[in-house]
């Protein structure tokens, strides 16, 4: 059964409507999962700081909610993911209250605390207070753009999986995911960005819903996400000190993967330029230097990305380091 949010509120001061939404859902006693910086947005309910929760013992998570009828996640990616996971394990409704907009986890059924990611259920409600989100660091909002443009290459990979591996494919989810990305890119390239935080939140929620429709991360996660995970591995392997975010890495990964599709004649050069210019418009990184990695690290990440998950993508059986470097040079990432 497809589960998508019953309530989606995206407006200034939306957070004051949390009690109303709970009442509409006949929920009386939620447990809030939040952080020390975002607890100030929780004025009414019992709470636990997300960094005090041990998530490795999955079966024990349901014990947190034995005295509660629902779970609310308030904050960025981690408190929302942990709240989602606790709600899933305890079979209770989850409400998402994002305080920033850096990835589509605010609305998707996916929990990305570990790799591979974990499938749960989409939030029953999403309450996005744009007054709060506008105040979040610009770097986080730029990362959100990277997560959205990655839908373009993710859907291309999904279509490739359908053709070459006879994978199940949802036309409605694929079209929805691509349209969301194109509409946001069109907005940032043709406006003064005054409404960017609100438009971004809408796009991220739509992206999350496309995942819920497909019951798979396929419409929003492809080879560009594998590249991002490979970069995370490089950080750990070589002790690289960079504060690059998931969405930023996915944005740069999208440029690299789009170059491969361009060479195979499966994407228009205008679309590739649109992706790059959209990232630039919101000051998201488009080069290795802006991400904080040297050229060799990016080449290694791109050449190893295919091995991180059993998922068919344009990377197929992998690129040599030489070919990876060529792709990165042609896309002007290095």
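Here, residue 1 is simply the first one shown, and the rest follow in order.
Glycine too: its Cβ is placed from the backbone N, Cα and C atoms.
Annotated substrate binding in Swiss-Prot involves 104, 229 plus, out of the candidates 67, 147, 192, the residue 147. For the Zn(2+) site, Swiss-Prot gives 147, 225; the one candidate out of 88, 246 that the record lists there too is 246. Checking Cα-Cα distances from residue 147 (substrate binding site) against the binding-site residues (77, 79, 81, 100, 102) with a 10 Å cut-off leaves 102, in sequence order.
Residue 102 (NAD(+) binding site) falls within neither a helix nor a strand when secondary structure is assigned with DSSP, and so counts as coil. Of all the binding-site residues given, namely 79, 100, 246, those whose Cα is no farther than the 10 Å limit from the Cα of residue 229 (substrate binding site) are 246. In the structure shown, across all protein chains, 225 is the one of the binding-site residues 225, 229, 246 with the greatest number of other Cβ atoms within 10 Å.
Around residue 104 (substrate binding site), the C-beta neighbours below 8 angstroms that are at least 6 residues distant in the chain are 147, 148, 204, 205, 207, 208, 211, 220.
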